[in-house]
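Trainee: Here it is, the structure in full.
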Amino acid sequence: MASLGLQLVGYVLGLLGLLGTVIAMLLPSWRTSSYVGASIVTAVGFSKGLWMECATHSTGITQCDIYSTMLGLPADIQAAQAMMVTSSAMSSLACIVSVVGMRCTVFFQESRAKDRVAVVGGVFFILGGLLGFIPVAWNLHGILRDFYSPLVPDSMKFEIGEALYLGIISSLFSLIAGIFLCFSCSPQGNRSNYYDAYQAQPLATRSSPRPGQAPKGKSEFNSYSLTGYV
């Protein structure tokens, strides 16, 4: 039997994961300028995202420019774009499928496949979380590698942006939501319920003797025993 509370918690986490993934995908702060070494005093700070890069001047003015070409971007940026878009689409599909399979909805209430639909929604959430976690972790690894590398100039080093933190949290929310939805349905509990219903059906339909009327088998035995001794 599906746990309604576990499904509700999983669905809310899935929605939060989807919202955070979309915001992290659009934010231009995956990488921010690092103020170390000779770059401590600088008039312009840069931040880069998947779709645009921004320059923040010392006067407080921020200018953002969308990338003029997508094919000219590095391969890791293109892969991150594709994975984040696919993750958002997968999580959106998971939200729709999970609504159909949740116990608190009116869809397929008498169908045995309702719990299976919820499990499918949970699998979509897990796939969406994995697709969102891979590009975030890859960019995080690249930032840390370049930051601690002595071969990279200080002016070319970046720090972790807010979008990466949001992406990690959102992907974890999607993964936890998928696990909750998958484990909220117990196949053993469903089999036992159907078995009990099947066993109880002939007992409920069995006719009971009327008041004052002896059972049929007992009356036949009594008549046989009386006639046998006459």
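Heads up, the Cβ atoms here are built off N, Cα and C, so glycines get one too.
Marked as topological domain 'Cytoplasmic' by Swiss-Prot on the basis of sequence analysis: 1-7, 103-116, 184-230. Annotated transmembrane segment per Swiss-Prot: 8-28, 82-102, 117-137, 163-183, in sequence order. Annotated topological domain 'Extracellular' per Swiss-Prot: 29-81, 138-162, in sequence order. As annotated by Swiss-Prot, disulfide bond applies to Cys54-Cys64, with the evidence given as similarity to another entry. The region 'Disordered' feature in Swiss-Prot is assigned to 205-230. As annotated by Swiss-Prot, SUMO cross-link applies to Lys218. Among the features that Swiss-Prot reports, phosphoserine is placed at Ser219, Ser223, with the record citing similarity to another entry. Residues or ranges marked as compositional bias 'Polar residues' by Swiss-Prot: 220-230.
Map the listed features onto the structure and describe their local environment.
Mentor: Long-range Cβ contacts of the transmembrane segment (8-28) within its own chain (Cβ-Cβ under 8 Å, at least 6 residues beyond either end) map to 47-54, 64, 84-85, 87-88, 91-92, 94-95, 98-99, 102, 104, 122, 125, 128-129, 132, 136, 161-164, 166-167, 169-181, 184.
With DSSP states grouped into helix (H, G, I), strand (E, B) and coil, the topological domain 'Extracellular' (29-81) comes out at 10 helix, 19 strand, 24 coil.
In sequence order, Pro28, Met52, Glu53, Cys54, Ala55 constitute the residues six or more apart from Cys64 (disulfide bond) in its chain with CB-CB distances below 8 Å.
Residues 2, 4, 7-8, 10-11, 14-15, 17-18, 21-22, 24-25, 50, 108, 114-122, 124-125, 127-129, 131-132, 134-135, 167, 171, 174, 177-178, 181 of the same chain, all 6+ positions outside the transmembrane segment (82-102), place their C-beta atoms under 8 angstroms from a C-beta of that stretch.
Under 8 Å from some Cβ of the transmembrane segment (117-137) lie the Cβ atoms of residues 2, 7, 10, 14, 17-18, 21, 24, 76, 79-80, 83-84, 86-88, 90-91, 93-103, 108, 164, 167-168, 170-175, 177-182, 184-185, all in the same chain and six or more residues away from its ends.
Taken as a whole, the topological domain 'Extracellular' (138-162) shows an average pLDDT of 88 in this prediction.
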Trainee: Hey, which bits of the same chain come close to the topological domain 'Extracellular' (138-162), Cβ under 8 Å, at least six residues off its ends?
Mentor: 27, 29-34, 36-39, 47-49, 76, 79-80, 168
Trainee: Summarise the topological domain 'Extracellular' (138-162) as counts of helix, strand and coil residues per DSSP.
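Mentor: Summed over the topological domain 'Extracellular' (138-162), the classes give 14 helix, 3 strand, 8 coil.
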Trainee: How many neighbouring Cβ atoms, not counting its own, are there within 10 Å of the Cβ of Cys54 (disulfide bond)?
Mentor: 17
